[in-house]
Amino acid sequence: MIGIIALIFLMSLLSPFIIRMFSFRGAWVLPLPPLAGFLYFLYCTYWTTELPVTLSIPWFDAFGVALTFYLDGLSLLFAYLITGIGSIVVFYSVTYLRNHPLFNRFYAYLFLFMGSMLGLVLASNLITLFIFWELTSVSSYLLIGFDNKRQAAREAALNALLVTSAGGLALLTGFLLIGSVTHTFELTELLQHPAILRQNSLYGWILVLILIGAFTKSAQFPFHFWLPGAMKAPTPVSAYLHSATMVQAGVYLLARFYTLLSGTPLWFGFLTAFGGITMIGGLLLALREKDIKLVLAYTTVSALGSLIYMLASDQEEVIIACVAFIFAHALYKASLFLAAGNIQYQTGTRQLSRMHGLLHAMPATYATVLIAASSMAGLPPLLGFYVKELIYEAEQVIPFFSQILITIVILTNMGLVMLACVFVIKPALGRKPRKNSSESYFSMWFSGLTLALMTLFFSVFPSFIDQSLLAPAASSILHHPIHLKLELWHGVTPSFVLSLITLLGGFLLYLQRSKVLKWIGYFKFMVYYGPEFAYSRIINFILWFSNYQTRLIQNGRLTIYLMITLLTVAIILGSALMSTRINFSLAIISVPWFSVFLLFWVLVSAIAVAVATQLIIAVIFLGAFGMGVALFFLVNAAPDVAMTQVLVETLFVIIFALTLYKSQKIPSLETQTESQLFKILRLGIAISMGLIFTILLMAVISSPINNKLNQYFINNSVTLGHGRNIVNVILIDFRALDTMGEVIVLVIAALGIHGLLKRKLLGIWL
């Protein structure tokens with residue numbers, strides 16, 4: 001299990017080199033690693049009865065964080081989809097993207113996402129799960145923005161990253177609250193105490209935070225808009241991310257937390273409301289679109305809303321229907337996306353109104369569309385029909401749902417039937433496309449057709465998945481054994497009658513689609529002024545405010561930068577001191593007259609620098625101030641520090657003097673026009689910093705000193721550091737890495753200054 005994840009991540013590193021060495025022909029071996037993962041999980045299903053399997057690698061034991069992986073029925077279902085559909089998408093992409101200039105990068109991004117998604121569904125530790133969760137956001141950003149020369153692709157990738165990352169922050173907060181409540185981050189331990197979160201006073205906060213994370217990832221209202229925008233990605237990315245993997249991550253998360261968070265009015269209310277709005281809204285938006293990829297995107301939004309809607313229930317039948325829908329939707333939606341890519345590749349259009357004659361021009365692609373769209377519509381004997389029957393049967397079990405929810409679901413399914421007719425009927429008829437009348441490359445049409453044939457196979461032989469795959473997944477959600485047997489014919493039952501009504505109603509809607517579209521047009525203002533409108537306004541405000549803040553703070557004046565920095569330090573330290581009780585122990589000691597003289601010297605020099613009106617005078621007194629400090633170090637038995645101070649002050653005065661010498665006119669400090677308020681502010685900051693550091697020094701002196709470190713350095717300076725100057729030994733040996741880091745910072749600063757001066761000498765101004 002861990003080996004499969006590691007192999008996928010390794011392929012992310014190796015795939016660019018393989019393609020660079022063997023060109024696109026080397027990419028034909030790339031489907032093998034995910035296929036190996038698929039075969040491994042197949043072995044776990046049919047030849048191993050020891051599920052669940054838990055594997056753990058220690059990481060940060062002190063914080064309860066470990067690389068723990070957990071394979072049960074639910075994670076196995078998603079692992080199948082990730083590796084199975086992933087291997088087909090990798091195979092499809094070889095010819096689809098082989099002429100792309102960034103072809104070698106594509107597989108690095110794709111395998112990075114695949115490994116992240118696989119780690120997400122197999123992770124048992126919450127922190128590990130969150131890390132993979134964020135990796136999916138980052139890798140999907142790279143995939144959506146793959147055509148980085150197109151501004152639309154870059155904007156879509158950024159929108160997806162911002163929305164999902166914001167949800168990720170909420171999710172992390174929820175996980176940390178769970179850890180603080182339960183004192184563990186292990187899901188396996190949490191699932192042993194299902195009521196531990198529901199009985200806690202923080203349950204509401206935990207639920208809301210986790211729902212935000214799940215809703216942003218699974219494109220639920222009001223965060224749904226990023227998914228249609230992500231259709232700027234290449235077709236293989238859309239087929240993989242937006243059918244079976246990334247967008248299903250939120251559904252997986254809620255299914256995994258089902259026994260921990262479900263069964264409360266909050267859970268039912270949130271999931272029913274947001275899932276229902278997303279289900280209906282996504283369908284209405286799909287009906288008004290003419291771009292086939294956008295239609296598929298919005299139907300995906302609607303399907304995700306349906307899954308969230310079903311997870312609100314506490315009935316076993318509804319959860320079984322939810323699991324079956326996850327599997328069926330992944331197959332038919334990935335098939336449709338790949339077929340859409342074939343059509344665009346060959347005809348040059350994604351507009352449904354321009355598609356015609358595909359039955360004769362592209363028979364394999366049309367067969368893919370026919371099977372997948374029929375499954376989406378729920379035509380017997382396809383998987384979609386089984387799912388529809390399960391949903392109708394499940395919702396009849398619940399009296400409260402029997403009228404309201406069945407009506408909503410029937411209307412939604414009628415819309416899907418109408419869209420299936422749009423996909424199947426008109427594109428099959430008419431003359432052949434003008435651009436190209438032939439089928440696409442073998443790897444392209446075969447990939448989509450393979451998924452469609454898998455839908456057909458599992459529809460005819462459901463015994464291969466009902467008890468071996470779907471039942472264990474539902475059992476993992478509900479945490480009790482489930483028996484499931486999918487049967488095509490149950491007799492003339494209420495569910496069968498509802499299915500017939502759905503099919504007939506959907507076909508009638510297709511015949512009256514012009515009236516349906518006109519009716520939907522009355523609600524277009526909700527699209528233009530909906531969540532996407534609010535999101536764009538928020539982003540624009542943030543950009544405007546950032547620009548205003550930058551112009552206000554980063555205005556090119558070092559004085560302002562120092563004031564802001566010192567004011568921030570003063571506020572932080574001052575707040576800490578005000579909230580801390582400090583006991584001062586003062587004692588009268590005898591001070592040598594020379595120290596008093598140095599104190600007077602430093603004080604006078606500092607005042608002279610502050611009140612000087614000529615820059616050259618200020619520099620002279622600043623040098624005198626530094627020399628006074630150096631003498632103070634020397635008197636107090638710190639010759640090394642004194643020498644460093646003298647060198648710094650000397651270099652400063654020399655550099656400043658040379659700068660003034662090169663200047664045509666020595667500037668006067670009086671020429672700087674400053675308001676009285678600005679001067680008072682500077683004076684206040686200076687006095688505040690002086691008082692704060694005085695209080696800090698007095699607090700340090702008054703506090704008991706732990707001499708263990710002092711004694712350690714004294715005892716080991718000669719034996720370990722081979723030096724009698726303890727300060728030097730500390731800097732060079734005991735704190736060697738710190739000193740090296742400081743030197744590196746100085747070197748980088750020097751190189752930066754050298755670069756600026758060199759550009760200036762060459763006449764190039766930044």
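Any Cβ shown, glycine's included, is placed from N, Cα and C.
According to TrEMBL, the protein carries these features:
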- 62-107: domain 'NADH-Ubiquinone oxidoreductase (complex I) chain 5 N-terminal' (DOMAIN)
- 123-394: domain 'NADH:quinone oxidoreductase/Mrp antiporter transmembrane' (DOMAIN)
- 602-664: domain 'MrpA C-terminal/MbhD' (DOMAIN)
- 106-123: transmembrane segment (TRANSMEM)
- 158-182: transmembrane segment (TRANSMEM)
- 266-287: transmembrane segment (TRANSMEM)
- 294-312: transmembrane segment (TRANSMEM)
- 400-425: transmembrane segment (TRANSMEM)
- 488-511: transmembrane segment (TRANSMEM)
- 558-578: transmembrane segment (TRANSMEM)
- 584-608: transmembrane segment (TRANSMEM)
- 615-635: transmembrane segment (TRANSMEM)
- 641-661: transmembrane segment (TRANSMEM)
- 681-701: transmembrane segment (TRANSMEM)
- 739-757: transmembrane segment (TRANSMEM)
So what's near the transmembrane segment (294-312) in sequence-distant terms, Cβ-Cβ under 8 Å and 6+ beyond its ends?
214-215, 218-221, 224, 227-228, 230-231, 238, 242-243, 247-248, 250-251, 254-255, 258, 262, 267-268, 270-272, 274-283, 285-286, 318-319, 321-322, 325-326, 329, 333, 336-337, 340, 352, 376, 391, 394, 409, 412, 415-416, 419, 422
Other than its close neighbours in sequence, what residues sit by the transmembrane segment (488-511), given a CB gap under 8 Å and a spacing of at least six beyond its ends?
377-381, 385-386, 388-389, 392-393, 396, 406, 410, 413-418, 420-422, 425, 462
So which of 158-182, 400-425, 641-661, 739-757 is most in touch with the transmembrane segment (615-635), counting Cβ pairs under 8 Å?
641-661
What stretch, picked from 158-182, 266-287, 558-578, 641-661, 739-757, has the most CB pairs under 8 A with the transmembrane segment (681-701)?
558-578
Close approaches to the transmembrane segment (641-661) from elsewhere in its chain (Cβ under 8 angstroms; 6 or more beyond its ends):
615-616, 619, 622-623, 626-627, 629-631, 633-634, 727
Over the domain 'MrpA C-terminal/MbhD' (602-664), what does the predicted model average in pLDDT?
82
